[in-house]
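Student: Found this in TrEMBL, in case it helps:
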| type | residues | note |
| --- | --- | --- |
| TRANSMEM | 30-50 | transmembrane segment |
| DOMAIN | 43-292 | domain 'G-protein coupled receptors family 1 profile' |
| TRANSMEM | 100-122 | transmembrane segment |
| TRANSMEM | 142-160 | transmembrane segment |
| TRANSMEM | 199-221 | transmembrane segment |
| TRANSMEM | 242-262 | transmembrane segment |
Amino acid sequence: QRNRMSNGTFIFEFLLLAFADTRELQLLHFWLFLGIYLAALLGNSLIIPAIACDHRLHTPMYFFLLNLSLLDLGSISTTVPKSMTNSLWDTRAISYSGCAAQLFLFAFLALAEYFLLTLMAYDRYIAICKPLHYGTLLGSRACVHMAAAAWGCAFFTVLLHTANTFSLPLCQGNTVDQFFCEIPQILRLSCSHAYLREVGLIVVSIFVEFGCFVFIVLSYVQIFKVVMRIPTQQGQHKAFSTCLPHLAVVSLFISTVMIAYLKPPSISSTPLDVVVAVMYSVVPPAVNPLIY
């Protein structure tokens, strides 16, 4: 099925944003993205077997980290290879079904990662604030159930968003002002007022995501209170060292997404939007393994 525009024609493909017009800059973009992509593949591909094969790492913290690496691998593989291919072959096209698949997969993996980071904050909270209950509250079965809930909730939420977004009539052309397909860019192509239904769903999702953000903040407030009461500096340092990688990953992920979606329209420009999109879609999957 293809979307019919207001003039009666069908949209069979979308045109993604080109990073550069000159051939030299297109090839520079290709090699730059290739380097970042290979770094992300290498880092995350080392973490996954290391955790899976070492029985000493079969703990809740590393189980969630393995899930994070899987999500990062999927996330960067959804957006970067297509952008690299377009630069290499000097094209901007992505098929209608390819755009829908890319939008769904990226949003699903990003939302699942956000839910997973919330679970990792809960893991650190229990480990430091309620250590005697750690084995009871975060047994292997509980961890599997929580991870499955994170993946499942993200899947059905994004499936609803994707179906709703692509059911809207598109009458503003087929040019996407971004190097990959995402919901806000497709909504800009919809007819006036037709996108309000999807905006309503997004508002509901934002409330859920804000609740996760508040949970993470409150968890770390409690963690820091407990850590500051530890009598020795060595004990404080050990407690902080288990939290800082997660805190760094959360800060990178949330800050870049907030900049992207909460910045005033007055400072919005295509080059700035692209830079911010790279910061939240490309950089975290490559940097997260280095942080951990």
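Using N, Cα and C of the backbone, Cβ positions are placed for all residues, glycine too.
Any TrEMBL annotation is an automated prediction that lacks curation.
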Student: Quickly jot the same-chain residues contacting the transmembrane segment (100-122) by Cβ under 8 Å, restricted to those at least six beyond its ends, or write none.
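Tutor: Result: 61, 64-65, 67-68, 71-72, 74-75, 78-79, 82, 94, 146-147, 149-151, 153-155, 157-159, 161-162, 165-166, 180-183, 186, 209, 212, 215-216, 219-220, 246, 249-250, 253, 257, 280-281.
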Student: Counting only residues 6+ away from its ends, which parts of the chain sit with a Cβ under 8 Å from the transmembrane segment (30-50)?
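Tutor: That would be 57, 65-66, 69-70, 72-73, 76-77, 80-81, 83-84, 87-88, 282-283, 285-286, 288-290, 292.
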